[in-house]
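Structure, as structure tokens:
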């Protein structure tokens, strides 16, 4: 019995709860229905709104009501017929009012013609949900109030001009798509940042209550038309042009001759910045930067220079058009709208407005000097004419010293002709008499080929003579070979163990009549390979054996007891290469800066030695012991005066020797 009573009470409570929720929902629906009918929309539109849309539109309506009541909106004249219907027809865009947070408080009805989205779908939403992510920072900067930069004027700048990319569901044919398939459309927005102070209200206690001012951004958004959608007759106040990405003219309409005085051929290849007033170049540059980043842009009013002087106020709509794949196929199509006629006619503001200024580089004519071999070294044509025909100079001054008026390349080329062949100067012959008379500039082109031929002949004769001298020296059997000399080792970084006061005098080599052979790559030709008898290999030359000295070697003096000569074993070429484990003996430390190179000695002369009696060479023994000093032949020691002691193989002396030296 008790259980039935508890069950009935629980069901009664649930039934009451359901009835209360049903009544609450019905009341909420009735209130929202009343709100929907109070909104300034048609009944057919408001009847299909959901609860969230009704709340969103109601909040936006309350914001606009406060805004209209706070500002100058309520001061509408009652006289005359209303012009609200004509405003939207006159505008090429739609009106949008944004709050400081970025919510769209109001949009005009014609927004659907430009974006494809209805007015009810956008009002109350945040604009950041419908613009490109890269443009959000720019819009946030436009919504931020800017302080005044002038001390005299306390009012801050309220004007705003920027471009936005908003979502559009319209296709090129005018059909509407789903919001998920929307594309980006560039809108040029211009307007002002307004701050309206609401009217003062009194509190129930009787004290006045103030509210913060209402800030909003009122914009007129205009869609930039694509050049393909324009009708061909643009009218007399507009002309079309095509540019490369660096704003150089590639095409221009013929109507520019009527409005500005230029012919299309004068503009092709020139930059558009050359025909813009200098004070407007910064604003146009910012518009071009917007064009390259967003694809479309509209410039402000700027001054386009006229041909005969003065300027025209112009506004340009630019679009980046791609003709194929890659950035090289892209071009910029500009539609220029003239706002005024030519102002300040006759005032020259740029070089492009002068008759003397040539906009294109002059084309060089074909000259008849193609057969002259020296033309490839000459500078461009204006520089050549300046050297051949200098202004305000007589022919006598040119003939006196023609080298003064020649370019460096021409002077180097004609040096054999102007200077003449090197001859022995006599005391009775003056210098001016030995120099040949230079031809006049007028006769120079005709005699240039002959002079070049003589110069070539002279240089060839000198080269052959030098090569014959070098070959004779190289074939001389008494001349030492450079490849067989000991390598030069600089002693600049070694320590000077001897004091400067005890330095002996350097033995100077007697002057030689025959020159040393040049390097093999000096003339581009290698000297002939000497005979095998002149280039003995290591261990294969019989003259290297101490038991049988060669006939041409100089006699050696008796050795001192402190020195011992190392004998070279006579073996085959392979054994000589394997047994050789030492370097040629080094010379004494550098004495003076003048004594740099050793005298040219052959390898057999440097390594000549005599075997001590009672010692037989061991073929398997190393040639030189690293712990024993390397002795030099007396013939080599005789090259250095006051140097009779034998130097150790190492560069540094022991401590005892160092103490004795000092």
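Each Cβ is built from the backbone N, Cα and C atoms, and glycine gets one as well.
Of the candidate ranges 75-98, 99-122, 123-146, Swiss-Prot annotates residues 75-98 with the feature region 'Nuclear localization signal'.
Swiss-Prot assigns the feature region 'Nuclear export signal' to residues 228-272, out of the candidate ranges 183-227, 228-272.
Segment annotation: Swiss-Prot labels region 'NTAD' over residues 450-501 (candidates 450-501, 606-657).
For the region 'Nuclear export signal' (228-272), the list of distant contacts is 288, 292, 304-308, 312, 327, 330-338, 342, 352, 359-360: same-chain residues at least six beyond its ends, Cβ to Cβ under 8 Å. Each residue in the domain 'PAS 2' (225-295) has a pLDDT score, and their mean in this model is 90.
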